[in-house]
């Protein structure tokens, strides 16, 4: 429940309020209205809902439909002239975040907040942190792969970072479930569209940066992408940063007056004696660690999570146990065929993460390598060139290009775009299950490997704007072992 006076106070304090327009009359103050719910979905309103008219695709007919369900008030950046009062604001997304925060009782003040950003590794790092903090605390987690608000039930999120109303609703549920910490993945999109506006994190972690999410409906340039990633540093009380990432010098200057830990080859917090399933650390995490996720980049994610959790009350023993216990669905899952050949299933879905995945596999598997890969339709278009240029440097890999959430595009047209940057022959098979079957058929020795990249644990294909059923890469591969 929230009073209209409270709504207006919040908006005025942040410089967001313009006026209320009611039947052509302008008001600066208003009283005697109470809202029992808030919503940005016009299908989920009642007469006591405060509705937020947001989004580039918002249409007046959504409002008209909501009014037929009894809607009496809305917030917008303009007057849609639909016969009910409107609170006009300068920025609807900022307004929605601040009002949601208050409506749900400021749950951020009752939890320790840990956020991860980076082009890749956010989910893995979040899982490490969740397992570490679970040793001695009661964490909740908002993750692309799995979200849990009670530590017992898990569900998949539609967005890396939820819309602000959903975010504060979930944070409030975590508080009601007696959680002590909240671990989040924070995307650049979350800052671009202000889903976390007004939030300050106890610890913010920057894992890495490489060009991604650049396209017509995402970021217009790398500069814009990197800028929105860096906003997490501004909004965190303490920060953890990978000193080996590109453009580290900018971040180092940006956070010099904040509490911080740097990890990587330039500082005390380093990885030593890196092996497939173990490593040693120096600095604040000095000691020996067991790890189930192979690859140096996963060890880096573990160190980042460990340093963050150390600041949030975890002991070194908690960190060791948590890292050793961590597995992530669809992240470096390994199957073995009857003939001994390995199958690696991973969510790698941009050029940089695919490069690291290939390097890890080729370190351990020295025989024939087959790769099953697609690229998403209608988003991240720059990935296609990145994939093609990378694979052009690996003529030893037999590439099978296929569908990966083609959406409104033709998967074979996407495959053609990727292959236009590759100077050696590749296979193109539209059906992803058939592509996996074909790749596994050519690997028949214990040193051979199939890499199935892109979808990870996703059990759907996005086709024509809808999630169509798909068994999942692991289930498909298991059929052909």
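Keep in mind that glycine also has a Cβ here, set from the backbone N, Cα and C atoms.
Model, not experiment: these values are computed from the prediction.
The stretch that Swiss-Prot tags with motif 'L-lysine recognition motif', taken from the ranges 392-395, 396-399, 400-403, 404-407, is 404-407. Comparing residue 120 (ATP binding site) with residue 229 (N6-carboxylysine), their Cα atoms are 12 Å apart once rounded. Here the candidates are the binding-site residues 118, 121, 122, 123, 124. The one whose C-alpha lies nearest to that of residue 229 (N6-carboxylysine) is 118. Those same-chain residues not listed among 118, 119, 120, 121, 122, 123, 124 yet with C-beta within 8 angstroms of the centroid of the ATP site C-beta atoms are 116, 125, 185, 207, 208, 301, 353.
Tertiary neighbourhood of the motif 'L-lysine recognition motif' (404-407): same-chain residues 349, 373-379, 414, 432, 454-455, 461-465, selected by CB-CB distance under 8 Å and a gap of 6+ residues from either end. This prediction places the mean pLDDT of the motif 'L-lysine recognition motif' (404-407) at 97.
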